[in-house]
Every structure is written in C-alpha cells, then in structure tokens.
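Visitor: Provided herewith is a single structure, encoded as structure tokens, for subsequent inquiry.
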Amino acid sequence: MGCWRVPGPLLPLLLLLRPPPSPACPAACRCSPGEVDCRERGLRQVPWSLSTNTSTLWLGYNFITVLGPRSFPPLPGLLRLSLPHNRLELIHGQALLGLGALQELDLSNNYLSVLTPEIFLPLTSLARLNLGSNRLGELEPVVLSALPQLQALLLQDNPWVCSCGILPLWRWLSHNREKVQEKSLLLCRVPEQLNKYPIMAFGDESFRQCQETSLSSEHYITFFIIGPFSFIASIFFCTFMGSVVVFYHNVRRQSHCWRRP
C-alpha cells in the first residue's frame, strides 16, 4: 500500500490552519480565558505553569507562607492578584518582579507584620491594595509612596501601635484621606488606654509631645560621644589652667626675691 504525501506547497498552509495549542493550566486549578482560579487547593506555593495571557489569578484560601524571590513567572498581562486567607508571613523584596501591569493586589487575612518598600517597587500600575486583617503594628509611609498610581488602600483590622512611632503613618493617612478605605476600622490596639480608638480621630495636638521630645538614635549616639569627651576635656583644661596659675605665682615670687638688696 503506497504512502500518501502532502504536496510541498500545501504543508505550510495546513500548519497555519491547525488550531493553536491551548495555554497551560496548573493541574490543581481551573482555567478560563485570561483567568486562573486556584482557590482552596491546599497550595503551599504559587504554581509556576501559568499562561502569559493570565489577567486574573485567584490564590485565596491556601497555605502559602512565604513569597520568595520571583515567586511568579513573567505575567506581563496580570491585572488582578488575589492572595487572601493564606498564611503569608514574609514577602521577599523581589517576589513581585514581572508584575508591572498589576492593578489590584489583595493580601488581606494573612500574618504579615513587616513590609519593606522594595516589595512594591515593581508595581508601578497598582491602583488598589488590601492589607486588612494582618499583623501590622506599624507601617512606614515610604512603603506606600512606592506606589505612584495608588487610589484605594485598605488597612483595617490590624493591631496598630498608637505611640509616637505611628506619627509618620498618621501624617500620610491625613494627607491621603481620599485613598483610605474603611477609615472607621483603623483602630488602635496598643496601648490599652487607646484600644479601639480610631487612628483618623487623632489631631496635631495628639502628637505634640512626640514632636517636642522625640529623639532619633543618632541624637542618642551623639550625646553618648559628646558627654564623656566633654568631661575629659574639662579635666585637662582645669589641670592646664591650674598649672599656668601655679607657674605664674612661682615666677612672681622668684622675681621679688631677686629684687631684694
């Protein structure tokens, strides 16, 4: 039985008419065009086999504890990333590289207690950030300043420490009230006498004592250096002046003795 051969010119045409392969979908997830749903799948890390066409990624209700360097494959079209109700404790400074188009990020209901500015530096298009229900006691404003397009911020249900250290955050919140969502839920946890007191209810007078008496670590170091140095210098100066006075009196006494007949 002879073999049937496709004429040479027809082979490229048949290849063009062949339907394109379907984009990859992680085995534990459900996928639809542009959307990957990996919720409640018992995941401990971000699945890597994601299509570059993914625009929405749902990763809530899993067991992810750490986002290490480059936790995500390059996803230039990802617009929404949802990671609530995991066990996130740490996000590496390079964990979100390659997500420059991201517009919404949900990190709520996790165990985050510290955030550094470099985490959000790649997210130049981020408009909405949810950090609610974590373990944040304080947050440096420089972390939020790394998001030039930020329009909506949620910080509710965190154990805020309302001491002098929260002054920079309070200033940022006061100057960006239109961006802060659920303002009434930003409540102090520590100290006890301010428990459940709204942070946005503070005024300038509330931090007057902090502004007058707060000293930085550089000030304390300066005091520790100048204090002993000044004490030692004063001892040397007094010793030197005493020696000069004694020498002067001795010279005068000897001059009087030489003048006697």
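Any Cβ shown, glycine's included, is placed from N, Cα and C.
Where the annotation comes from TrEMBL, it is an automatic prediction and has not been curated.
So TrEMBL has the following annotated:
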type     : residues : note
DOMAIN   : 24-56    : domain 'LRRNT'
DOMAIN   : 158-211  : domain 'LRRCT'
SIGNAL   : 1-24     : signal peptide
TRANSMEM : 220-251  : transmembrane segment
Visitor: Tally the residues of the domain 'LRRCT' (158-211) by DSSP class, grouping H, G and I as helix, E and B as strand, and everything else as coil.
Guide: 32 helix, 9 strand, 13 coil
Visitor: So, by DSSP, how many helix, strand and coil residues make up the domain 'LRRNT' (24-56)?
Guide: 0 helix, 7 strand, 26 coil
Visitor: To what whole number does the mean pLDDT across the domain 'LRRNT' (24-56) round?
Guide: 94
